[in-house]
Structure formats: C-alpha cells, structure tokens
Amino acid sequence: QLQSKILILTICAAGIGGTFQYGYNISIINAPTSYIQTFMNETWLERTGVPLESNVILLLWSFTVSAYPLGGLTGAVVAGPMAIMLGRKMSLLLNNVFVIIAAGLSGFSRMAKSFEMIMLSRFFTGVNAGVSMNIQPMYLAESAPKKLRGAVALTSASFTALGLVLGQVVGLRELLGGEESWPFLLASNVVPALIQLTALPWFPESPRYLLIDRGDKESCISALQKLRGNSDLSAELEEMLAEQAAVKGQRAKNPWELFQNPALRWQLMSIVVLSSAMQLCGNDSMYFYAAYVFQEAGIPQDKIPYVVIGTGSCELITSVTCNMIIDYAGRRPLLLGGYIFMAGWAIVFMVALSQQTQISWMPYLSMACIFAYILSFGIGPAGVTGVLPTEVFDQMSRPAAYMICGSLLWFNLFLVGTAFPFIVKSLAHFCYVPFLVVCVCTALYVGFFLPETKGKSFLEISEEFKKRNFKAHSHAVFYKGPEEIKSTML
C-alpha cells in the first residue's frame, strides 16, 4: 500500500500550499476588519493631522478587500504560461514566493505605519491563490489513476474548505484575532507556504506533463512508479502514449485560440457557464449574511464567530463527502442536484428574511437556510467545477482552459464582492433573486448539455465532445439555446 501513501502525501503537500491558502486568506481578513480600519485612520491622522471621513475609510477598506481578487486574476493569467514552461510541481513551489512577500508586507505594516503595505500584501496573496487554484487541480488530476481522478482532483475543494475553517479558528479573539495581534494573523499564511516548500520537492512531477509536454519517457515512467508502486503500468502508459500521439506536433494553446477552435466549442461553453456560476450563485454572499442572520436569531454578539465556524465546517464536511462519492455518483448528478437544491433554498431564504420580524421562529429558518445552502454548494458545484477543465480538455489546451476558468472565477468574485452590498441595498429581502436565476439557468445547462465524464479516459471524453461540436453544425437551429443562456448568465 506504499504507493497509495505516496499519492495521499503528494495530495497533502500540494494542497497545503495550494488551494488551502485560498480559503485561509479569504477568511482571515474578516476578523481584524475594525482594527485595520482604525489603523488606517490613525496612520492618516499621524501623517496629515486630519482624520479620515468614514466613507473614505470604507473606500480604502474595499480597495484592500478587492486587491485580493485582482491579485487572483493576475495569478490565474500567469498560471497558464507557468504550468507550461516550469512544469506543474515547480510552479507550485515557486508560487510560495508571493506568499512570503505578502506575509512580510502585512507583518511589518504596523511597524512601518503604512496601510498601503496591507493592500499590497493582499494583492500578492491573491496572486498566490490564483496560481494555485489553477495549477493544483491540474497537477493532481494528471498524477491520479483514472478511477480515482475525480476524487483526487476534488481534494482541492476540501483544502479550500479546510483553509476557510482554520482561518476562522485562528481569527478568533483568543488566538490571533485580537487588537494587538492582527499583523501576525495576516502574516500567518507564511506557515503553509514553508510546509509546502519543505514537503513538495520530495514528490514526483505530473507524469503526463513529463511525457506529453517534455517528451521525456524515462522520467515519466519513474514518476509513475513512485506514484503507483509495483502495479502494472502498461495500460496507463499506453493511454498516455495514445494521447501523446493525438496531440503530436501541436504546441500548448493560448486562451484566445480556444475561442476560435470550433472543435472545443461545447467544452469551452461548459467551463465558462460553470466557473461563472460558481461565484455568481451567491454562496460566498451567504457568509456575508451569516453574522447578521445569527444576530437576528438571538445569538449573543460574542458567540457569533463560533457559529460562523459552523458554516465553514459545513462546507468542509460536504466537500469531503463529495470526495468519497464523486467517482460513484458521477459529475452530472452532483452538479445538477447542487444547483437545484440551492435554487430551492434561495426561495425559502428570501421568504424567511422578509418574515424575519413578523414570525418569531423565522430567524431560525433563515439560519437553517444558510447551512442548507452552503451544504448544497459544497456537495456539487464547489468541487466538481474545478475538476471539469482537466477532464474535458486535452493536454495542450488544459493550461489555457484553466486560465479562462480562473480569470472568470476571480473576475466574478470581484464583481459579486463589489456589487452585493448595493444589491442588498436596492432589493432588501429579495437580494437573492439574481442568484436564484443563476442557479436555475446553470441547472438547466447541466441537465441538457453536459455529458458525464466519470471513469472515462481523456481521449474518450474528447471524442464525446467532438460528436457534439460537429453535430451543432448540421442543426443550426439547435445551437441557439446556449447563446441565450450565456447572455443571462453574465
């Protein structure tokens, strides 16, 4: 059983400095919000002798928060070329440089009396998350055996959720969330980076990358032997060689080439719809609402952070469950179920919010809704979305596909983060209507247009899409559907 141990350890080494950081850095910024705003005000007062107005502080704070998705967008764009030139493993290792810079900036920001350092550090943290969100699932899915591919690539989602929970825990007042210790809280993301830098070099590079991109058969076989032990490699090697032959003479593609290629039309449409929906479905906004709803439900103010940890743990539990069942249940049912349930809960949640003051037990219903919504998101969309680009694109298009996917993900995170407070202002209790529309449209898209990819080799999957892409030409009318869906999505 040594080889499965190696695979598990590879997953952990890649995860701890990879998507773990994404979740961790999203949640550690919540605890010290008021302290950092005070710090901004005091710093400005010291420099100019004039205090900042409250709306300026809010503006500066929203810059600080949105520096993260902007960094993520940058990271997602750099990730493609990095994965091709440096390889998957080397990219993940180099990626830790960004976090170390960020930790230095935020850790010393109070000593240097500069809140600009915090903004910069959030940007670098974002770059790190952007790179790892793209390269980690790619690295793991390429290293995993076919029958475990879904589960292994899905661990990315579990590490994100683990990061969320740990960030919430470390951000408690008793640990690092106090007034004195917030610079340490923001700099604590250097620890996972150092763990990855010591652990990951011992594990092999993605065998697929070595064979297909580098053409290095010996290294590929030795990497496979490390990962699989003594089991028979001939079938797997044969499949990789077939894929190598299929992409022979091609170079790695650029994102815009994917848009021009009619043979990739459905694959591209599927990841565009799904990765946009992942941020536009309102799951992250649930966290924004959590504290308010819990307060309304009569939970005392000082106990709220502990209940919020419950919401994070919810996502962690479901993504681990999803890991166990994805290679049995398949990708489609999980996505379809997730979005249908989310649509249902969104309706209940809006009803509950509007009756919050009239009926005494309504706050508890809306509380249950938050948990249910996050559970529904965790069971399907959270994990499966990250696995799909690896499965539906070949080796040459994969990095570019992840660039598109990642850019959309971060752009939409930025969009929702910026727009959500205004949506709440204007729609009040019905702020979930836009999210409801997104969930319903996505469920329809998955139901009608997405083929199942469970347990198929990469070549079989691209054959199946080939049939779809070229069927569309013969039925010009048939192709109009998704265009309309696409326009309502954005």
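Just so you know, glycine gets a Cβ as well, placed from its N, Cα and C.
Just so you know, TrEMBL annotations never went through curation; they're auto-generated.
Annotation source TrEMBL lists domain 'Major facilitator superfamily (MFS) profile' at 11-454.
TrEMBL lists 7-24 (among others) with the feature transmembrane segment.
What TrEMBL records for 56-80 (among others) is transmembrane segment.
According to TrEMBL, the transmembrane segment annotation covers 92-112 (among others).
Annotation source TrEMBL lists transmembrane segment at 118-139 (among others). Counting residues 6+ beyond its ends, the transmembrane segment (118-139) has Cβ neighbours under 8 Å at 14-15, 17-19, 21-22, 25, 29, 36, 63-65, 67-80, 82-83, 88-89, 91-92, 95-96, 98-99, 101-106, 109, 153, 156, 186, 189, 193, 206, 386-387, 389-390, 398-399, 402-403, 405-406, 409-410 in the same chain.
Residues 7, 11, 15-16, 18-28, 30-31, 133, 136-137, 140-141, 143-144, 176-177, 185, 188, 305, 308-309, 312-313, 315-316, 318-320, 322-324, 326-327, 378, 382-384, 386-387, 390 of the same chain sit 6 or more residues outside the transmembrane segment (151-170) yet have a Cβ under 8 Å from a Cβ within it. Annotated transmembrane segment per TrEMBL: 151-170 (among others), in sequence order.
Annotated transmembrane segment per TrEMBL: 182-203 (among others), in sequence order.
Annotated transmembrane segment per TrEMBL: 334-353 (among others), in sequence order. Beyond the transmembrane segment (334-353), the same-chain residues lying 6 or more positions past its ends with a Cβ under 8 Å from any Cβ of the stretch are 274, 277, 281-283, 293, 322, 325-326, 362-363, 365-366, 369-370, 372-373, 376-377, 379-385, 429-433, 435-436, 439-440, 442-443, 446-447, 450.
Cβ atoms under 8 Å from those of the transmembrane segment (365-388) belong to residues 133, 137, 141, 149-150, 153-154, 156-158, 160-161, 270-271, 274-275, 277-278, 281-283, 286, 289-290, 293-294, 296-297, 310-311, 314-319, 321-323, 326, 331, 334-339, 341-342, 345-346, 348-349, 352-353, 356, 453 of the same chain, restricted to positions at least 6 beyond its ends. Summarising the annotation, TrEMBL assigns transmembrane segment to 365-388 (among others).
Taken from TrEMBL, the feature transmembrane segment applies to 400-424 (among others). With a threshold of 8 Å between CB atoms, the same-chain residues lying at least 6 positions outside the transmembrane segment (400-424) that come near it are 62, 65-66, 69-70, 72-73, 75-77, 79-80, 83, 126, 130, 133-135, 137-138, 252-255, 257-258, 267-268, 271-272, 275-276, 278-280, 282, 284-285, 288, 389, 392-393, 431, 434.
Proximity of distant same-chain residues to the transmembrane segment (430-450), defined by a Cβ-Cβ separation under 8 Å and at least 6 residues beyond the stretch ends, is recorded for 266, 269-270, 273-274, 277, 280-282, 285, 331-332, 335-336, 339-340, 342-343, 346-347, 349-350, 354, 420, 423-424, 481-482, 485, 488-489. Annotation comment: TrEMBL describes 430-450 (among others) as transmembrane segment.
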I need to check the long-range neighbours of the transmembrane segment (7-24): which residues 6 or more away from its ends have a CB within less than 8 Å of a CB in the stretch? 72, 92, 95-96, 99, 125, 128-129, 132-133, 135-137, 139-140, 143-144, 148, 152, 155-167, 189, 192-193, 195-197, 199-200, 202-204, 227
Mean pLDDT for the domain 'Major facilitator superfamily (MFS) profile' (11-454), as a whole number? 89
